């Protein structure tokens, strides 16, 4: 079980809602993934209408919604968007995203920390998307964020855990859940993240753009479960030298 703030999740796989060919495919993929927490870009839905083509099926599916501030370029814009989402959706949960450069979509660390401090004071459960910076993640944790969401690689790049060395430090020092977000391109990337100690992963593009999103969602579900189970089983230590699995000379001595 994974606990973040006031909610508990059985699934360690969070999913997004962007890039799907149709809302029906999105909902079917989310169900196949087993995900219980789904991010929702506020700029893509009509928050005033709960019969919105994206919002309505998500509400019907019974998943927890995590509105995000994607599109915000400053702390002020993010805080404004967060307040709108809370009023419209009735949730104080928020994925904080601030990326001023549309080409790279890298999170702005200064504006993110500034917004996080303000939103925590307003009672939001803040899950900030951030760079894989151990110092920043610790500062966000100290500011009161309920979890941290460092990137594995740039959003939508499918490059995998390019920031692995920094992620390991973040995981080791964190006292809040660590959710690896962005860059996860195939199920094995998700399994690796859970194996190394991440509490969850957030996957969107890899599922949404697959030839068969529903089957890919199911594959990610299995990979996350496998990665978590492997970590709980206690993997053997890595070694720079070969380690024999059976005696090398015993049978020769027996023949002497």
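Backbone N, Cα and C define each Cβ position, glycine as well.
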Which of 156, 197, 227 shares the 1-deoxy-D-xylulose 5-phosphate site with 182, 183, 204, 205 in Swiss-Prot? The record says 156
For residue 182 (1-deoxy-D-xylulose 5-phosphate binding site) and residue 95 (active site, schiff-base intermediate with DXP), the CA-to-CA distance in whole Å is 13
Once DSSP output is merged into helix, strand and coil, residue 95 (active site, schiff-base intermediate with DXP) belongs to strand
Residue 204 (1-deoxy-D-xylulose 5-phosphate binding site) and residue 95 (active site, schiff-base intermediate with DXP), compared by Cα position, are separated in whole Å by 14
Taking the centre of the Cβ atoms of 156, 182, 183, 204, 205 as the 1-deoxy-D-xylulose 5-phosphate site, the remaining residues of that chain with Cβ inside 8 Å are 16, 153, 154, 155, 157, 158, 181, 184, 185, 203, 206
Densest Cβ environment (other Cβ within 10 Å) across the binding-site residues 204, 205 belongs to 204
Whole-number Å distance separating the Cα atoms of residue 95 (active site, schiff-base intermediate with DXP) and residue 183 (1-deoxy-D-xylulose 5-phosphate binding site) is 17
